[in-house]
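Data first, discussion second: the structure below is written as structure tokens.
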Amino acid sequence: MVYRKPPDGGWGWVIVIVSFFTQFLCYGSPLAVGVLYLEWLDAFGEGKGKTAWVGSLANGIGLLASPVCSICVSSFGARPVAIFSGFMVAGGLMMSSFAPNIYFLYLSYGIVVGLGCGLLYNATVTITCQYFDKRRGLALGLISTGSSVGLFIYAALQRELIELYGLDGCLLIVGALSLNILACGSLMRPLESSDSPSPEKACTDKVPDQYFVYHEKEKTVEENISILEKGYIDEKCANNVPDYKQDNILNKNVLSSINVDEKDTYKKKVVEQTNFCKQLAKRKWQLYLNYWEETVVLFKNRVFSALFFAILLFDIGGFPPSLLMEDIARSANINEEDYHMPLVSIIGIMTAIGKLILGILADFKWVNTLYLYVLTLLMMGAALLAIPFARSYFTLAVLSGILGFLTGNWSIFPYVTTKTVGIEKLTHAYGILMFFAGLGNSLGPPIVGWFYDWTQEYDTAFYFSGFCVLLGGFLLLLAALPCWNACTDRSSKLPPNTYSYKVASSA
């Protein structure tokens with residue numbers, strides 16, 4: 001479908017508002033799952049690594065399934081997908097209140113809620129991009145803060161609901177709140193299509209009829225013969241021809257000749273259609289090969305390969321604090337009276353601020369977004385290494401704010417990817433990177449939890465997390481150094497026989 005020119009306003013601002021609240025409602029509980037994590041530890045008595053899988057699946061599976069989610073939005077539209085996904089998120093949260101064990105939560109909270117969030121994310125981004133062109137960056141920045149504000153509010157809300165109604169009541173109420181996604185989704189009116197024919201229809205109109213296996217008006221050979229035979233006999237009976245036997249023989253001869261001709265024509269069409277199917281399959285296979293060739297070309301890019309490792313290591317090491325910070329405070333024996341605000345809420349509000357400030361910095365011409373992203377990775381690695389030394393609420397609150405602000409580097413990640421591979425390859429490269437970002441989100445919290453189960457302390461776990469993020473930052477920094485490009489340019493400009501020529505001349 002061909003959409004008319006994006007209005008950059010009008011109903012588009014309604015789309016921004018409902019997309020903001022959609023991300024607020026769907027991501028609020030999964031991002032603030034650290035509050036629920038403590039209750040699940042007490043309720044089921046499982047290890048921290050096994051319990052952490054619930055939150056990591058809810059936040060990671062949406063990224064892992066992002067290609068499938070994109071196909072669903074492209075096929076059915078943003079509004080139907082948003083409404084359906086609203087039922088998924090609400091149903092998954094409500095089902096989780098009846099969970100008899102941790103494995104049930106893997107399905108209800110981890111997979112169902114996680115997939116619903118992934119579908120909603122793609123729906124909100126797609127419909128926003130359809131309505132905005134010149135102001136697309138501003139619109140996407142506004143809707144992306146919905147998840148961060150949701151993290152800030154839901155952390156305190158879920159804690160209060162648990163104290164009033166228990167864990168099961170909290171999940172039921174949060175699930176009921178998520179039903180408001182249906183109202184938001186119903187307002188995602190698709191952009192009106194233009195009157196001009198779509199490119200797909202224009203292309204298919206030019207294809208000859210013989211290339212369609214089943215033409216609308218085409219009948220089989222047997223049907224054609226039966227129609228001809230019936231029409232010929234009716235005509236002879238109407239004219240009262242006496243020589244029925246002779247005409248019957250003539251009729252059979254005519255029909256046999258028609259039968260042979262139509263069979264030959266049918267065979268030719270079958271051959272043509274078979275060749276067309278072979279060509280179509282060959283073309284699809286060629287597209288598949290081209291995709292993998294382009295993927296290989298992407299990984300030959302030194303900076304892209306480093307960015308691939310950086311985003312994977314960043315999510316393995318940088319995501320666990322938002323899930324485990326509350327348990328870290330409890331393990332440090334910090335009194336609940338000292339809690340002025342949940343640590344997860346601090347992470348959430350600072351993430352929203354970080355997204356806005358880093359996004360503004362990325363728009364300045366004198367700022368290199370790649371080096372800015374590297375700086376956030378190195379600073380986050382240092383902050384993670386400092387967590388084992390924090391023994392008070394104030395220190396953990398400061399570190400939570402720093403980590404939340406630096407996590408806002410998600411807002412500049414598309415800029416970094418574009419700068420690395422170019423706008424032509426952005427979709428392909430960004431899809432690969434998001435898949436492995438989801439893998440890191442899924443693996444990070446369980447790994448940190450297993451470290452705690454092994455050592456009975458979080459110190460080793462966060463030394464590991466800090467090392468992962470620092471390693472990713474240093475790899476990206478080394479790959480992005482301009483000296484590599486200078487060496488490459490110098491070697492490409494040198495003639496192949498320069499060295500032997502100099503030796504011969506000196507001799």
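Cβ from N, Cα, C; glycine included.
Bear in mind that the values here come from a model prediction, so they are computed numbers and not experimental data.
Look at Swiss-Prot and you will find 1-12 (among others) tagged as topological domain 'Extracellular'.
Packing against the transmembrane segment (13-33) from elsewhere in the chain are residues 54-55, 58-59, 82, 85-86, 89, 93, 113-114, 116-117, 120-121, 123-125, 127-128, 131, 139, 142-147, 149-151, 153-155, 157-158, 174, 177-178, 180-181, 184-185, 187-189, 322-323, 344-345, 348: each is 6 or more residues past its ends and has a CB under 8 Å from a CB in it. Annotated transmembrane segment per Swiss-Prot: 13-33 (among others), in sequence order.
According to Swiss-Prot, the feature topological domain 'Cytoplasmic' maps to 34-52 (among others). Outside the topological domain 'Cytoplasmic' (34-52) by six or more residues, the chain places 101-102, 105, 155, 158-159, 162, 167, 170-171, 320, 322-327, 330, 342, 344, 445-450, 452-453 with a CB less than 8 A from a CB of the stretch.
Feature annotation from Swiss-Prot assigns transmembrane segment to 53-73 (among others). Away from its own ends, the transmembrane segment (53-73) comes close to residues 30-31, 33-34, 36-37, 40, 81, 102, 105-106, 109-111, 113-115, 117-119, 121-123, 126, 319, 323, 431, 434-435, 437-446 of its chain (Cβ-Cβ under 8 Å, at least six residues beyond either end).
Positions annotated as topological domain 'Extracellular' by Swiss-Prot: 74-79 (among others). Taking DSSP states H, G and I as helix and E and B as strand, the topological domain 'Extracellular' (74-79) has 5 helix, 0 strand, 1 coil.
Residues of the same chain lying 6 or more positions beyond the ends of the transmembrane segment (80-100) and with a Cβ under 8 Å from any Cβ of it are 22, 25-26, 29, 72-73, 108-109, 111-113, 115-117, 119-120, 122-124, 167-172, 174-176, 178-179, 181-182, 184-186, 188. Under the heading transmembrane segment, Swiss-Prot lists 80-100 (among others).
Annotated transmembrane segment per Swiss-Prot: 103-123 (among others), in sequence order.
What Swiss-Prot records for 124-136 (among others) is topological domain 'Extracellular'. Note: the topological domain 'Extracellular' (124-136) comprises 9 helix, 0 strand, 4 coil (DSSP; helix = H, G, I, strand = E, B).
Marked as transmembrane segment by Swiss-Prot on the basis of sequence analysis: 137-157 (among others). Under 8 Å from some Cβ of the transmembrane segment (137-157) lie the Cβ atoms of residues 12, 16, 19-29, 31-32, 34-35, 124-125, 128-129, 131, 174, 322, 341-342, 344-345, 347-349, 351-352, 355-356, 359, 363, 408, 410-411, all in the same chain and six or more residues away from its ends.
Here the topological domain 'Cytoplasmic' (158-163) has Cβ contacts under 8 Å with residues 29, 32, 35-36, 39, 169-170, 173-174, 342 of the same chain, all six or more residues outside its ends. Look at Swiss-Prot and you will find 158-163 (among others) tagged as topological domain 'Cytoplasmic', backed by sequence analysis.
If you look up Swiss-Prot, you'll see 164-184 (among others) marked as transmembrane segment. Residues 18-19, 21-22, 25-26, 28-29, 36, 39-40, 43, 82-83, 85-87, 89-94, 96-98, 120, 154, 157-158 of the same chain, all 6+ positions outside the transmembrane segment (164-184), place their C-beta atoms under 8 angstroms from a C-beta of that stretch.
The topological domain 'Extracellular' feature in Swiss-Prot is assigned to 185-302 (among others); the stated evidence is sequence analysis.
Look at Swiss-Prot and you will find 303-323 (among others) tagged as transmembrane segment.
When the topological domain 'Cytoplasmic' (324-340) is classified with DSSP, helix, strand and coil residues number 11 helix, 0 strand, 6 coil. Here Swiss-Prot flags 324-340 (among others) as topological domain 'Cytoplasmic', drawing on sequence analysis.
Remote same-chain residues near the transmembrane segment (341-361) are listed as 31-32, 34-35, 137, 141, 144-145, 148-153, 155-156, 159, 321-322, 325-326, 329, 367, 372, 376, 396-397, 400-412 (criterion: CB distance under 8 Å, separation of at least six residues from the stretch ends). Annotation comment: Swiss-Prot describes 341-361 (among others) as transmembrane segment, evidence class sequence analysis.
The topological domain 'Extracellular' feature in Swiss-Prot is assigned to 362-369 (among others); the stated evidence is sequence analysis. Looking at the topological domain 'Extracellular' (362-369) alone, the prediction's average pLDDT is 82.
Broken down by DSSP into helix, strand and coil, the topological domain 'Cytoplasmic' (158-163) contains 6 helix, 0 strand, 0 coil. Through the fold, the transmembrane segment (431-451) approaches residues 47-53, 55-57, 59-67, 295, 298, 307-308, 311-320, 323-324, 413, 417, 458, 460-462, 464-465 of its own chain, all at least 6 residues removed from its boundaries and within a Cβ separation under 8 Å.
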